[in-house]
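For reference, the structure discussed in these notes is given below.
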Amino acid sequence: MTVIGTGYLGATHAACMAELGHEVLGVDVDEKKIESLAKGEVPFFEPGLPEVLQRTSEVGRLRFSTSFEDAAAFANVHFLGVGTPQQKGSYAADLRYVRAAIESLVPLLEGEHIIFGKSTVPVGTAEEMQRLADSLVKPGSSVEIAWNPEFLREGFAVRDTITPDRIVVGVRPGASQAEAVAREVYATPLEGGTPFLVTDLATAELVKVAANAFLATKISFINAVSEVCEAAGADVTLLADAIGYDDRIGRKFLGAGLGFGGGCLPKDIRAFMARAGELGANEALTFLREVDAINMRRREHMVQLAKKAAGGSLIGKSVTVLGCAFKPNSDDVRDSPALNVAGQLSLQGAQTTVYDPQAMDNARAIFPTLNYAASAKEALQGADLVVLATEWREFVDLDPAEVAKLVRNAVIIDGRNVLDAKAWMDAGWTYKALGRSL
Ligand SMILES: NC(=O)c1ccc[n+]([C@@H]2O[C@H](COP(=O)([O-])OP(=O)(O)OC[C@H]3O[C@@H](n4cnc5c(N)ncnc54)[C@H](O)[C@@H]3O)[C@@H](O)[C@H]2O)c1
């Protein structure tokens, strides 16, 4: 098989499919990325992926190329994992990369081929891509478009790809090879009991955005409640524990704090709203606007809290921001709440120093004007205020007594509600958090 687009999703999919025993060719238009992957180096941080990449490359099951001619000749099964970012000036998804990949690949194909889309796309895309493929394919050859949405989580991407929670395949009406081929591709997880759902194309596309909309809603729900907790003098973390024991609710994704970000949730809920509007179901998803607004308000609120904690003004204050990845175990800073807050603190006059175990290079590329320290210890030196913005284990495990020796003022804002508040206060810290009055 080939995997077209070798970013976070595609590189992981390619390596994990090779791990499952398949012969895989990863294809991307980014020469640097392909060069790096071909050398056995993963150009981003994903725990466990370098080992899988190296192992499968060494035995010759995984190769990389920038050539669509190679892709067309290599396999009859293709996975599409190119980016679908938010369009500039609109909420809708930008499908230019999906289209470009089809336009590059399909005219070169000979015989019968199947393309499984994995990118997250607006409902209706697969059908549109089938029409596009039909218009481009050589006479006598054929291409079937199916959709196989991806649910991997960055930080757990290898595990999620090799042993997924569920596999969803959307197939076209009428003659289709997609289910049979997918059963062969995913034989190993299917033998292991992974639920396998075959749907129509529209349902498969919607499953992915609906899942992300639900997760985003759950996070914004607790963050909205967190605002009320703050106003009422209650504690949102205890509240989340208490409601989380109800297994209809569940404690996961009820971590009140700085909110969600990354390359998926924000753009996916916006694209979902935009597409619902195009389909005439405008009112159905207006609540997602509120979900988005609650989420964005967290960042603003954090900056206000920091300002207050710094005595009313950030000008000239040394603020250390721990973390800039959008979540721990990732180097992804796309729409990262942590980096956004660091940037805002800096724009409001704070001397902002950032440290993240993995995301520094990506952050520096976006926000070159922040100070970047080589370690947490270096970042904390002389701080007037510390903001925990990404809940890396390294930060959760910090010893408050040791950290107190490094800073100028022992004031911390726990933006993720993950520190042991009592331990920090016992060590002499002024401890502040979103949604709690301590
Ligand atoms: N990152 C995740 O955790 C995740 C999880 C589930 C779904 N998704 C979805 O997967 C898709 C990809 O996300 P990502 O995070 O991997 O993005 P990414 O930006 O890391 O990777 C996209 C890759 O596609 C390549 N590309 C662009 N145009 C191309 C073309 N015409 N031919 C070949 N390659 C091309 C880019 O060079 C890039 O390497 C998106 O739709 C995203 O919503 C991502």
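Every residue number used here counts from 1 along the chain in the order it is shown.
Keep in mind that glycine also has a Cβ here, set from the backbone N, Cα and C atoms.
Unlike curated records, TrEMBL annotations are generated automatically.
What TrEMBL annotates here:
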ACT_SITE  C264  active site, nucleophile
BINDING   D28, K33, T84, T120, E154, K267, R334  NAD(+) binding site
BINDING   F151, L152, R153, E154, K208, F253, L254, G255, A256, G257, G261, K327  substrate binding site
DOMAIN    320-421  domain 'UDP-glucose/GDP-mannose dehydrogenase C-terminal'
Rounded to the nearest Å - Cα separation of the residue listed as 'active site, nucleophile' and T120 (NAD(+) binding site): 8
Close-lying recorded positions around ligand 1 among D28, T84, E154, G261, C264, K267, where CB distance stays under 6 Å: D28, T84, E154, C264
Binding-site residues: K33, R153 - member with fewest neighbouring CB atoms within 10 Å: R153
Rounded Cα-Cα span from K208 (substrate binding site) to T84 (NAD(+) binding site), Å: 13
Distant-in-sequence Cβ neighbours of G261 (substrate binding site), under 8 Å, six or more positions away: F326, K327, R334, D335, S336, P337, A338, N340
Whole-number Å value for how far K33 (NAD(+) binding site) lies from K208 (substrate binding site) (Cα to Cα): 27
Inter-residue C-alpha distance, D28 (NAD(+) binding site) and R153 (substrate binding site) (nearest angstrom): 21
Pairwise Cα distance for T120 (NAD(+) binding site)/F151 (substrate binding site) [Å, integer]: 10
From binding-site residues F151, L254, A256, the one whose Cα lies nearest K267 (NAD(+) binding site): F151
Least surrounded among the recorded positions, given as L254, A256, C264, when other CB atoms within 10 Å are counted: L254
Local backbone state of K208 (substrate binding site), from DSSP in three classes: helix
Distance [Cα-Cα, Å, rounded] between A256 (substrate binding site) and K33 (NAD(+) binding site): 36
